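As written in TrEMBL, here are the features:
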type: DOMAIN; residues: 1-163; note: domain 'MHYT'
type: TRANSMEM; residues: 7-30; note: transmembrane segment
type: TRANSMEM; residues: 50-69; note: transmembrane segment
type: TRANSMEM; residues: 76-96; note: transmembrane segment
type: TRANSMEM; residues: 108-130; note: transmembrane segment
type: TRANSMEM; residues: 139-160; note: transmembrane segment
type: TRANSMEM; residues: 180-204; note: transmembrane segment
Amino acid sequence: MLPSSQMYYGTLCVAGLALGGLGVWCMHFIGTLALQLPVAVHYSLDTTLLSLVAAVLASICGLGIVAANPYSLPRLVCAGAILGVGVSAMHYLGMYSMEFDGFFLWDWPLVALSCLIAFVAATAGLWLAFATSSNAARWLAAALMGGAVCAMHYTGMAAAEVVCTTPVTALPESDSLGMLTALPVLLVMLVMLVVVISFLIALVHMYARRFKT
């Protein structure tokens, strides 16, 4: 494989990690931690990590498809659909990873709306990021993707009605065990951040050497 090909695929993977991992998955998990339920909540590590894989793989595939030809409408729609499905799968896998004495009742029209938001915003964000050359459009794409992820997340949260099966009077005052189960996930977030920052630093140094020569 040529060095340029290695750089392309390396950049694509790190971009997918930054978008799907740091941008989408971290926002979802931090937002979920902000949810206060009247029951102790633990997180299934396997399902939580599976939601991360779904977000990152969908981001890599979506970015790769649209990067090959940003002006192709079928490619753009396909990439937006893949990214939208990946974001939606990540969200609901993350919700499924929550283990507590109760269950969710779903408002299916809101679930469908959250998935539609993910698809439309992903498609629009990819178009702004790749089919335009101005920095303003790229900043707009980043803002659109960030806002869309938040909108999709909280629409999905609004679609979930929590039904508790444990009396509130029997609950502990704090859920230290629940936070303890979240620590491995927070560690994964930190590792992803270090990987992305390290790659960006290496990329800057590489281009700096090229300009010097």
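Cβ atoms here come from the backbone N, Cα and C positions, even for glycine.
Automatic, uncurated: that is what TrEMBL annotation is.
The transmembrane segment (139-160) and the transmembrane segment (7-30) are in contact, since at least 3 Cβ pairs between them lie under 8 Å (pairs 6 or more apart in sequence). Non-local neighbours of the transmembrane segment (50-69) in the same chain are 12-13, 15-17, 19-21, 24-25, 28, 75-76, 78-80, 82-83, 85-87, 89-91, 93-94, 97, 122, 126-127, 130, 188; each lies 6+ residues outside the stretch with a CB under 8 Å from one of its CB atoms.
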